[in-house]
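Okay, structure first, notes after.
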Amino acid sequence: MIGKFMFVLFVVAIFQLYSSPVSANPAIITGYDPMEVCIENCAQCKKMLGAWFEGQLCAESCIKYRGKMIPDCENYASISPFLNKL
């Protein structure tokens, strides 16, 4: 009787585990703020690219779009709006 109860409890627990949606957002543990990451990436790109990168414009877009468009210094498509020809 106890064995059957434990088996049913185990099956219910497994069902609950696989039926609930899982969020892989690191915000749960680390306090991830997309706007903060966006502005930090703008600063990093400015350090890497120097005068070719418009850091102020990048930071303003982070604020305008609330961190939705995070620049990646190694991805030309994400930083192209902030590059200048000198």
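Cβ atoms here come from the backbone N, Cα and C positions, even for glycine.
The Cβ of Cys62 (disulfide bond) lies under 8 Å from the Cβ of Met35, Cys38, Ile39, Cys42, Met69, Ile70, each on the same chain and at least six residues away in sequence. Annotated disulfide bond per TrEMBL: Cys38-Cys62 (among others), in sequence order.
There are 25 other Cβ atoms within 10 Å of the Cβ belonging to Cys42 (disulfide bond). Sequence annotations record features per position, and here TrEMBL assigns disulfide bond to Cys42-Cys58 (among others).
For Cys45 (disulfide bond), the same-chain residues that are 6 or more apart in sequence and have a Cβ closer than 8 Å to its Cβ are Phe53, Gly55, Cys58, Pro71, Cys73, Ile79, Phe82. Taken from TrEMBL, the feature disulfide bond covers Cys45-Cys73 (among others).
Annotated signal peptide per TrEMBL: 1-24, in sequence order.
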